[in-house]
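Chemist: This is the structure I have questions about; it appears just below.
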Amino acid sequence: MKEKVVLAYSGGLDTSIIIPWLKENYDLDVIAVCVNVGQGDDMDYVKTKAIKSGASKIYVEDVKEEFVVDYLYKAIKSEALYEQDYMLGTSFARPLMAKKLVEIAHKEQAKYICHGCTGKGNDQVRFEVGVKAQDPTIKIIAPWRIWDIKSREDAIDYAKKVGVEVPVTKKKIYSVDKNLWHVSHEGGDLEDLKNEHKEDMYFMVTPPEKAKDEPTYLEIYFEKGAPVKINGEFLNPVDIIDKLNTIGGENGIGIADIIENRLVGMKSRGIYETPAGTLLYAAHKKLESVTLDKYTYQYKKLVSAQYGELVYNGLWFTALREAIDAFVDKTQENVTGTVKLKLYKGNIKPCSVDTEYALYDEGISSFGESELYSHKDAEGFINLFGLPCKIKALKNF
């Protein structure tokens, strides 16, 4: 009986040719696993293609709701970003995929897990560290670090040689990653920084100049930091993301052209479409500015950056990530309320906030006197607050 390998399968170029390559070079029984995080593929087609390519079995795991609740909601609550711009659409999906791969490897008693990540990318780290953190005995096969195929053009040629149908041409080659949260585009003419990216590549977003000519008003209701209602309507987690992707996309919201520092050392360029995430982060940030005290709000910004770094680097299965989640959950206890946004041709304008947990008090914040604040109190405060500056000036006078 042949030993088994669990292959992270998408039906795309790389994983399509890996199946015959594994059988040819390792003589393994290939178990394909497609983790459905909302990439929008025809899963019946993916199943058929995996079997036709030589897999003995194909699992399709629909984890969209788990992806939103256990991963994306953590992103929203923490407002995690990598290098201030990247909303981590790929990064948040990878640990969930690694989790499912390990679960199925255990079920199938497979000794190997294989992925189609390139030897220059971050995903190889995310998958492999994720697997090792759950089961250090599983062996990894990473074809892009082993085989003679050195480019996507070579991969297309090999696909033709082994009879695997791949809907990619050499004339227009982009590496695309899609899920509920985002679409990323890399490679091809994007690798030349002198090239403006082409707007016809967009899947989710209408180019801002072609977006609706009238503004759209949007209300998002959060409960303890998580979105639960859109325009007054309760929706399930997946439908919330889908609806906001539609609303944001038709208003030209959520495009980012980013140069990022990869974990493996080089810089790379990516075009990201994240309409729902962009709307949710903007609304959540506004609500937090009203409901969090100054020091928690400021410290959380530091934690958010650290959280984004951890997720980007594939360190999901760590004590620090769990500890940050616990801290973030504590900060979200009063992040409940409705934020109204005005959307127009790629721009987001927060219009209003309605929450019973507001730390903003109109009476105190106005220029008039109040029971809690006297203008006369300011003089003593300024004298004490500025004392170090005054002492230094006196010494140097």
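Keep in mind that glycine also has a Cβ here, set from the backbone N, Cα and C atoms.
Not measured: the values here are computed from a predicted model.
Quick paste of what Swiss-Prot says about this protein:
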- Ala8, Tyr9, Ser10, Gly11, Gly12, Leu13, Asp14, Thr15, Ser16, Gly116: ATP binding site (BINDING)
- Tyr86, Ser91, Asn122, Arg126, Ser175, Ser184, Glu260, Tyr272: L-citrulline binding site (BINDING)
- Thr118, Asn122, Asp123: L-aspartate binding site (BINDING)
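Have a look at these and tell me how they're positioned relative to everything else.
Modeler: Long-range Cβ contacts of Asp14 (ATP binding site) within its own chain (separation 6+, distance under 8 Å): Gly116, Cys117, Thr118, Pro143, Trp144, Ala155. In three-state terms derived from DSSP, Asp14 (ATP binding site) belongs to a helical segment.
Under the DSSP three-state reduction, Asn122 (L-citrulline binding site) is assigned to coil, being neither helix nor strand. Sequence-distant neighbours of Asn122 (L-citrulline binding site): residues of the same chain at least 6 apart with a C-beta under 8 Å from its C-beta are Thr90, Ser91, Arg262, Leu263, Val264, Tyr312, Asn313, Gly314.
The Cβ neighbour count for Asp123 (L-aspartate binding site), using a 10 Å radius and every protein chain shown, is 20.
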Chemist: For a quick check of packing: other C-beta atoms within 10 Å of the C-beta of Glu260 (L-citrulline binding site), how many?
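Modeler: Excluding its own Cβ, Glu260 (L-citrulline binding site) sees 17 Cβ atoms within 10 Å.
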Chemist: If you count CB neighbours within 10 Å, which one among the binding-site residues Tyr86, Tyr272 has the smallest count?
Modeler: Tyr86
Chemist: Report the member of Ser10, Ser175 (the binding-site residues) whose C-beta atom has the most other C-beta atoms within 10 angstroms.
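Modeler: Buried the deepest by this measure is Ser10.
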Chemist: Would you list, in sequence order, the residues of this chain other than Ala8, Tyr9, Ser10, Gly11, Gly12, Leu13, Asp14, Thr15, Ser16, Gly116 that have their CB within 8 A of the centroid of the site's CB atoms, where the site is the one recorded for ATP?
Modeler: Ile18
Chemist: Only counting partners 6 or more residues apart, tell me which same-chain residues put their Cβ under 8 Å from the Cβ of Ser184 (L-citrulline binding site).
Modeler: Gly89, Thr90, Val176, Asp177, Lys178, Gly270, Ile271, Tyr272, Glu273
